[in-house]
Amino acid sequence: MTWSFSIGRLFGSDLRVHATFFLLLAWVGAGAWAAGGPQAALQNVAFVLALFACVVAHEFGHALMARRYGIKTPDITLLPIGGLARLERMPEKPAQEIAVALAGPAVNIVIWALLLGFGASTAVEDLADIGTTPGAFLGQLAAVNLFLALFNLLPAFPMDGGRVLRAALATRMSRVRATQAAATAGQVMAFLLGFWGLTSGNLVLLLIALFVFFAGTAESRDVANRAIAHDLAARDAMITSFESLRPEDTLQVAAQTLIRTTQHEFPVLDPEGRLAGFLTRAGLFHAMAEERGAQPVAEVMEEVPQYPLTTPLETVLDALAQAPAVAVTDRQGRVLGYVTRENVGEVMVLRERKAG
C-alpha cells in the first residue's frame, strides 16, 4: 500500500504503518494537550497506541488462522480507521472462511477477558476519563476491545461479520451470488453508518462507512471477475501487438515511443526477445521530470512476473495485484505478449456481455 512503511516482521508478515496514522496521533495528542495539558496528551496518545496494539493482535488472529489453511499474509497495515491484513487469497471453503473471519473478533474477546482479570474497571464513571486510575485506563481499553469484537461482527461485508454472512450464504448458493448479497448488506450498513457519522459529526464513523462501501464493492467485483477468469488462461487476455524497447535505449527514445503509441507500459527485451524488464509510463514521467532523458531505459525499468501461455488467468490476477504488468513467454523465455489490469478488465466486460 502506498504511503505506508515497514516497522518489522512478525509471524512471517510484514507489519506496516500508513503515514496518516501519525496524523491521527498528532490530532489526538494536540486535542488532549489543549484540553488538559501535556500529561493528558501523553495518556491519550498512550491509549491510542495500546488500542492499535490490540488492532494488530486482531489482524494477526486472522493471519494465523489463515496460515492453518495454507494461506499466507504478506503484510498487515495500520490505518487511522483500523488494521488491514492482506491475505494472498481468501479461503474458498465456507467453514474455513468463517474460522478466519471469527479469529479476529475472538482475539479481542480474549484481550477483553484478560484486561478484566488484570483489574480493569467496569464502573461507568471510571470509563469517562482515561487518566483517572490504571484501572480506568484498562477499563476503557477492555470496553473498546469488546466494542471492536461486536462491531466487527456486524453483517457489513467486507467486515468480519460480512464474511461470515457470505460464507453462510455460499453453502446455499454460488460464491458470486453470496458475495453480491453480502456486499449489498454491507452497502446498506455503510449508508446507515455514514448517516450516523454525518448527523453526529463523527468523522471516524464516516470514514468507516466509506471504507465499508467501497471495499465491499471492490471485493464483490473481484469475486465476479475471478468467476469469469476461472476457465481462462493468460493467452486469452494478453496483448500481442505492442512496441518494445531495448535496455540501451534512452529515456528520450522511450518518450517518443510513448507519444506515438497508446501503450502505458513497454516490455524491455534483450536481443533474443527475452524480458529484461518493464518501463511504465509513471516511471518514465518521473525520470523525465528529473531531466534524465539521456539515461538508458535499463536504469528505470522494473521487474515483472513471467508466466507461460497456459497459466490460469486467476494466477495472473494475483500477480497483477503487485505488478503493473505480467509478461507471457514461450518455452524458450521469449516474450509473446503481456497482460495488464486494464485489458483483463476489458476481457471481463466482454465475457459478461457475451454471457448476458
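Here the Cβ of each residue, glycine as well, is placed from N, Cα and C on the backbone.
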- Among ASP14, ASP160, ASP222, find me the residue TrEMBL lists at the same Zn(2+) site as HIS58, HIS62. ASP160
- Task: Please list residues from the chain of HIS58 (Zn(2+) binding site) whose Cβ is under 8 angstroms from its Cβ, counting only those at least six apart in sequence.
- Result: GLY83, GLY104, PRO105, VAL107, ASN108, LEU148, ASN152
- Item | Pairwise CA distance, GLU59 (active site) versus ASP160 (Zn(2+) binding site), rounded so that it is a whole Å | 11
- Does anything in the same chain, at least 6 positions from HIS62 (Zn(2+) binding site), have a Cβ under 8 Å from its Cβ, and if so what? THR73, ALA85, LEU87, VAL100, ALA101, ALA103, GLY104
- Provide the number of Cβ atoms within 10 Å of the Cβ of GLU59 (active site), excluding the reference atom itself. 23
- Surrounding the recorded Zn(2+) site, with Cβ no more than 8 Å from the Cβ centroid of HIS58, HIS62, ASP160 and those residues left out, we find GLU59, GLY61, ALA85, ALA101, ALA103, GLY104, PRO105, VAL107, ASN152
- What is the average pLDDT across the domain 'CBS' (238-295)? 89
